[in-house]
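Colleague: Handing you a structure now.
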Amino acid sequence: MAALRMTISCVMFLQLLSCLLSSFAPTNVQGLKVGFYDKACPKAELIVKKVVFEAMKKDPTLGAPLLRMFFHDCFVRGCEGSVLLELKNKQDEKNSIPNLTLRGFEIIDNAKAALEKECPGIVSCSDVLAIVARDAMVALNGPSWEVETGRRDGIVTNISEALLNLPSPFANISSLITQFQSKGLDKKDLVVLSGGHTIGNGHCPQITNRLYNFTGKGDSDPNLDTKYAAALRKKCKPTDTTTALEMDPGSFKTFDGSYFKLVSQRRGLFQSDAALLDNQETKSYLLKQMNSDGYSTFFEDFGVSMVKMGRIGVLTGEVGQVRKKCRMVN
């Protein structure tokens, strides 16, 4: 009997030890890890990088939409590639209003095609999207980070879900914090990822309300610098639906920390940018980056927040599929 009790105690101890050791393993709880394809497709990241760098050399402005594509994918259904899917009836995420200005889907297609030649059916489209976002930033001399891989692809896309889940450029700080928290991201992630607005363009419809009749009295947003508002009104008439606007004027092709200075000067393009000044934590980070005296933690912080975002709602193991072509399910 004593021997039996000892045997049971040993088994229980070994089970406990196994659980404790697994909690310190490099793979996170969702089954992602850096180097997931090291054995099955060791050249995977090099193949994607080659495609991205060639495309970015021809058109550096692709960086911003490729970054935003990953963000828009993760905030809707999680990082599982639903933003890439196309439906015959056009009722897919890609055709939702917030996604109509996304570009660079052919980059994903080209990278996936090259991967299928090297190692068919191994690398998921959602992982391609995650790697592309990182490599696009590196191509702009921006931050780099180790991308966790091991995602599998979803099989559902819905046009209405993008509007429901993506943060709006008209959002106030309470709404932004709530949306980010619902995805497992905190206030620091909010302000850090907003720093991605240092590259790329917005469009007039996203700011028209800030320029004309903001409170119903024919006025502009009081949180927008008056000189900047006047300059924007010259570019955006009330009915303009197409004109592109640099989110970080003079630096929109360069990934840097100048965005934080602009926001602190009340020159952030969107209401959601200006909203960062309405919370002590987000404002504190913003001012810290602006006054960093040549040393900024922004690049490092951006990488950390991108990894966190890349864990939202992932499919791993046997869940989902590895699409052969990113625009359609198998």
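Just so it is clear, glycine is given a Cβ too, placed from its N, Cα and C backbone atoms.
In case it's useful when we look at the structure, here is the feature table from TrEMBL:
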SIGNAL    1-31  signal peptide
DISULFID  Cys41-Cys119  disulfide bond
SITE      Arg68  site 'Transition state stabilizer'
BINDING   Asp73, Val76, Gly78, Ser82, Glu93  Ca(2+) 1 binding site
DISULFID  Cys74-Cys79  disulfide bond
DISULFID  Cys125-Cys326  disulfide bond
BINDING   Pro167  substrate binding site
BINDING   His197  heme b binding site
BINDING   Thr198, Asp248, Asp256  Ca(2+) 2 binding site
DISULFID  Cys204-Cys236  disulfide bond
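Set these features in their place in the structure for me.
Modeller: Residues near Cys41 (disulfide bond) in space but far in sequence (CB under 8 A, at least 6 apart, same chain), listed by position: Leu115, Glu118, Cys119, Ile122, Val123.
The Cβ of Arg68 (site 'Transition state stabilizer') lies under 8 Å from the Cβ of Leu102, Gly196, Gly200, each of which sits 6+ residues away along the same chain.
Counting only residues at least six positions away in the same chain, the Cβ atoms of Gly154, Ile312, Gly313, Val314, Leu315 sit under 8 Å from the Cβ of Gly78 (Ca(2+) 1 binding site).
Cys74 (disulfide bond) is surrounded by 28 other CB atoms, counting those within 10 A of its CB over all protein chains shown.
Taking Cβ-Cβ distances under 8 Å and a sequence separation of 6 or more, the neighbours of Cys326 (disulfide bond) in its chain are Gly81, Leu84, Leu85, Phe105, Ile108, Asp109, Lys112, Cys125, Val128, Asp153.
Around His197 (heme b binding site), a 10 Å sphere centred on its CB holds 24 further CB atoms from the protein chains shown.
Listed in sequence order, Cys204, Ile207, Thr208, Leu211, Thr243, Leu245 are the same-chain residues at least 6 apart in sequence whose CB falls under 8 Å from the CB of Cys236 (disulfide bond).
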Colleague: Work through the binding-site residues one by one (Glu93, Asp248, Asp256) and point out the residue whose CB has the fewest other CB atoms within 10 angstroms.
Modeller: Asp256
Colleague: Using Cβ-Cβ distances, find the residues under 8 Å from Val76 (Ca(2+) 1 binding site) that belong to the same chain and are at least 6 apart in sequence, listing them in sequence order.
Modeller: Ser82, Val83, Glu93, Glu161, Ala162, Asn165, Leu166
Colleague: Could you tell me the C-alpha distance between His197 (heme b binding site) and Pro167 (substrate binding site) in angstrom, no decimals?
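Modeller: His197 (heme b binding site) and Pro167 (substrate binding site) have their Cα atoms 13 Å apart.
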Colleague: Show, in sequence order, which residues other than Thr198, Asp248, Asp256 on the same chain lie with their Cβ within 8 Å of the centre of the Cβ atoms of the Ca(2+) 2 site.
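Modeller: Neighbours found: Gly195, His197, Ile199, Ser251, Phe252, Thr254, Phe255, Gly257, Ser258, Tyr259.
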Colleague: Would you count the other CB atoms within 10 A of the CB of Pro167 (substrate binding site), including those on all shown protein chains?
Modeller: 21
Colleague: What's the most sparsely packed of the disulfide-bonded residues Cys79, Cys119, Cys125, Cys204, counting other C-beta atoms within 10 A?
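Modeller: Ranked by other Cβ atoms within 10 Å, the disulfide-bonded residues Cys79, Cys119, Cys125, Cys204 bottom out at Cys119.
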